[in-house]
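Enquirer: Copied straight from Swiss-Prot:
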{"type": "SITE", "residues": "Glu142", "note": "site 'Essential for proton translocation'"}
{"type": "TOPO_DOM", "residues": "1-10", "note": "topological domain 'Lumenal'"}
{"type": "TOPO_DOM", "residues": "34-55", "note": "topological domain 'Cytoplasmic'"}
{"type": "TOPO_DOM", "residues": "77-95", "note": "topological domain 'Lumenal'"}
{"type": "TOPO_DOM", "residues": "118-129", "note": "topological domain 'Cytoplasmic'"}
{"type": "TOPO_DOM", "residues": "156-165", "note": "topological domain 'Lumenal'"}
{"type": "TRANSMEM", "residues": "11-33", "note": "transmembrane segment"}
{"type": "TRANSMEM", "residues": "56-76", "note": "transmembrane segment"}
{"type": "TRANSMEM", "residues": "96-117", "note": "transmembrane segment"}
{"type": "TRANSMEM", "residues": "130-155", "note": "transmembrane segment"}
Amino acid sequence: MSSTFSGDETAPFFGFLGAAAALVFSCMGAAYGTAKSGVGVASMGVMRPELVMKSIVPVVMAGVLGIYGLIIAVIISTGINPKAKSYYLFDGYAHLSSGLACGLAGLSAGMAIGIVGDAGVRANAQQPKLFVGMILILIFAEALALYGLIVGIILSSRAGQSRAD
């Protein structure tokens, strides 16, 4: 590395790994949730086409999960500038844990939204009273990803606090 580099030379690897983990895992959850609940919407649309727009809620909720990963990835990547200020292993590990917290929470929420959305829209076609219950379960599943986003922001903000620069 050049002499203008400040901090630990391997630390940015962990920081960028955290940004990648946040985006990749969150988008995997979003893709799974969208695909799984989308199959349910398509299957239900054959029987009850008038309910397709009402049943698109799980697909939208799953798609939002990717945005959470994008937010954390941008926060992490803007915090990695070793030439401007020192970037140590503590910072890299903080960013890695931030990305993993948000990404894995998004992955698990996407799986939950996909499974609940698939079963929920199919059940809604048979019994419309189940719609409210499906929405409540989807909200609780989405909250899992929000918890990961909040913890990711907190962990990412810890980067740079290990020293008095």
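Including glycine, each Cβ sits where the backbone N, Cα and C put it.
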Enquirer: Per DSSP, what is the residue count of the topological domain 'Cytoplasmic' (34-55) in each of helix, strand and coil?
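Expert: Looking at the topological domain 'Cytoplasmic' (34-55) with DSSP, the answer is 19 helix, 0 strand, 3 coil.
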Enquirer: Which residues of the chain, 6 or more past the ends of the transmembrane segment (56-76), have a CB below 8 A from one of its CBs?
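Expert: Beyond its ends, the transmembrane segment (56-76) has Cβ neighbours at 15-16, 18-20, 22-27, 29-34, 37-38, 40-41, 95, 98-99, 102-103, 106, 109-110, 113-114, 116-118, 120-121, 134-135, 138, 141-142, 145-146, 148-149, 152-153, 156.
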Enquirer: For Glu142 (site 'Essential for proton translocation'), which residues in the same chain are close in space, meaning a Cβ under 8 Å from its Cβ, but six or more apart along the sequence?
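Expert: Result: Met61, Val64, Leu65, Ala109, Ile113.
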Enquirer: Who are the chain neighbours of the topological domain 'Cytoplasmic' (34-55) in space, where the CB to CB distance is under 8 Å and they lie at least 6 residues beyond its ends?
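Expert: Sequence-remote neighbours of the topological domain 'Cytoplasmic' (34-55) are 62-63, 113-122, 124-125, 131.
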Enquirer: In the same chain, who gets a Cβ under 8 Å from the topological domain 'Cytoplasmic' (118-129) while lying at least 6 residues past its ends?
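Expert: Sequence-remote neighbours of the topological domain 'Cytoplasmic' (118-129) are 36-37, 39-41, 43-44, 47-48, 51, 54-55, 58, 137-138.
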Enquirer: List the helix, strand and coil residue totals of the topological domain 'Cytoplasmic' (118-129) as derived from DSSP.
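Expert: So the counts come to 11 helix, 0 strand, 1 coil.
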